[in-house]
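The transmembrane segment annotation in TrEMBL covers 12-31, 120-143, 155-171, 183-211, 217-235, 242-260, 335-354, 375-393, 399-417, 429-447, 459-478. If you look up TrEMBL, you'll see 504-535 marked as region 'Disordered'.
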Amino acid sequence: MAVSTYHGHPLGVYLQVLLILLGALTVRLCVSMWGYSGQGKPPMFGDLEAQRHWMEVTVNLPTSEWYVQTDRNDLQYWGLDYPPLTAYHMMLNGKIALRVNPQLVALNVSRGIEDADAKVFMRATVLLMDALFFLPAVAAYFLLQQPKVQPGNDFFGFVAVLAIYPGLILIDNGHFQYNNISLGLLVLATLAIAQRRDFIGAVLFCCALNYKQMELYHALPFFAYLLGSCFRTTLTAGLKKLVSLALIVLVTFAATWFPFLWTVESALAVVQRLFPVKRGLYEDKVANFWCSVSVLIKFKEKFADSDMALICLSVTSICLLPSFLHLLKNPTIRSFHYALINTSLVFFLFSFHVHEKSILLAAIPACLVVKSDPFAVVWFLLISVFSMLPLLLKDGLLIPTLATTGLFWLIVTHLLNPTRQVSPQARKIFTLSLLIAVCMVLATLFIPPPKRFPDIFPLLISIYSCGHFFIFAGHFHLRQFGRESFLLSTSNSDGHFDSAYDASESAVPNGNNDVRKSPKEILNASKVKHRKHQK
């Protein structure tokens, strides 16, 4: 009996993926019923109020007032500081709010509104983007890159890792943000690159960058890969592609920024809101280098913010070079995927003004390489959630954190079992790592901190997580460079998982397998073929 298929997959595969996505959406709905950033904490409240206020501003004021201080727009009260695409999205939500309940976005008088209608509406706007955008992007990423789903090949585990990753759920549906849009655009842009649709990938990434400026964490890999691909072909074709990419980027940015380009002052007003220097080196106890070494060196006291910003820029730039130069010279899909993780981790560890939740910018790209690196990816994802524990506790999200992390581990273990082919030594280190993390969670919950050191437990969590992130950064760099790491499983060492990358690198549209090769490589390949023919 013939089995119905669609794009090479049996319909049963789509049904199982749909069930995973519905389960992920249900988890998000459950988390949405808990607390959020700044709940009941006037006068500024938190991120939910910030996003609601942006709806209020964009739906009531002309674009000329969105990013500037006016009598009707007080920038000291959650002034808009995200790029134009976020502003347009908030305006769309605001117009819907006007139809549902105009009081939700009434100019100035709606500040701090926390009634049931406001909570339900704001939560629904995030869930809608999850259902209509992020989760479909997850499904598309894995379905379009899996030639054939066979029983027991871990495919559904790969989908589950990204769909039910607790970090994103807890921040978007708990703490409250719209990372699902910018990160969903990143996933689609990465998919387009993997499918050799470089122009589409460039447009999608420009949209991601124009939704959240934090996507700059991923800008260098896109730049290096696309520029490197221009060098890996003939001179004429390379120049044509380079000019086309430049025009695509310019047109996308011009279209997005169009209302703000009429005067230099209006454009500068947006830029100044997007990149303020006065916010400090980091927020709270973030698991990066500067916060961790603050126990020994008080950088915040020794340097002015402007000087510290330059120091961070210098250190970050130096640490970015190895991954960037390698990708520029070797623009393969595998190198590109790992470079996304590496650059975002370097930015998180060393850049200026880092949030705890910025680790999501490294976690989502890590989910995209789970097929080739399941053990390291799952371990990294668990530690990334642990690193945000102080923030999540502040928002009253302890139970959702424990529940989603436990559910994630159970599902991933059942569908993927990432430790099954790991060496005994690596498994012991992994187990010890998580046991120490659990002990630190228990200490945070049940042991009162000394009066002299009230932030001792959040700081210890930050330092412990930071140490892990340095190890993971080393591992993912080695993976990008094609070297082995102690975190590698047996399958990775013998190339089983990496065979998918090997296949994708040769799968070039129109059968032109030489478009990613340099002229010298093409000539060498031709000589090899000629020798085989002679034999």
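Placement of Cβ uses the backbone N, Cα and C atoms for every residue, glycine included.
Distant neighbours of the transmembrane segment (375-393): 161, 165-167, 170-171, 174-175, 284-285, 287, 356-357, 359-360, 362-363, 366-367, 369, 400-401, 405, 408-409, 412, 416, 418-419, 421-422, 426, 430, 433-434, 437, 441, 444, 457-458, 461-462, 465-466, 468-469, 472, 475-476, 479, 485, 487-489; these residues of the same chain sit at least 6 beyond its ends, with a Cβ under 8 Å from one of its Cβ atoms. Contact between the transmembrane segment (183-211) and the transmembrane segment (459-478) is not supported: fewer than 3 Cβ pairs lie under 8 Å, counting only residues 6 or more apart in sequence. Beyond its flanks by at least six residues, the transmembrane segment (217-235) meets 186, 189, 193, 198, 201-202, 205, 208-209, 241-242, 245, 320, 323-325, 327-331, 335-336, 339-340, 343-344, 347-348, 358, 361-362, 365, 514-519 of its own chain at Cβ-Cβ distances under 8 Å. Here the transmembrane segment (459-478) has Cβ contacts under 8 Å with residues 285-289, 291-292, 295, 322-323, 338, 341-342, 345-346, 348-349, 359, 366, 373, 376, 379-380, 383-384, 386-387, 389-390, 433, 436-437, 440, 444, 453, 484-487 of the same chain, all six or more residues outside its ends. Long-range contacts of the transmembrane segment (335-354) within its own chain (CB-CB distance under 8 A, at least 6 residues past either end) are made by residues 190, 193, 216-218, 220-221, 224-225, 277, 279-283, 286, 288-290, 308-309, 312-313, 315-316, 319-320, 323-324, 326-327, 361-362, 365-366, 368-369, 466, 469-470, 472-473, 476-477, 479-480. Looking at which of 242-260, 399-417, 429-447 has the most CB pairs under 8 Å to the transmembrane segment (155-171), the answer is the stretch 399-417.
Packing against the transmembrane segment (429-447) from elsewhere in the chain are residues 375, 379, 382-383, 386, 389-390, 393, 398, 419, 422, 457-458, 460-461, 464, 468: each is 6 or more residues past its ends and has a CB under 8 Å from a CB in it.
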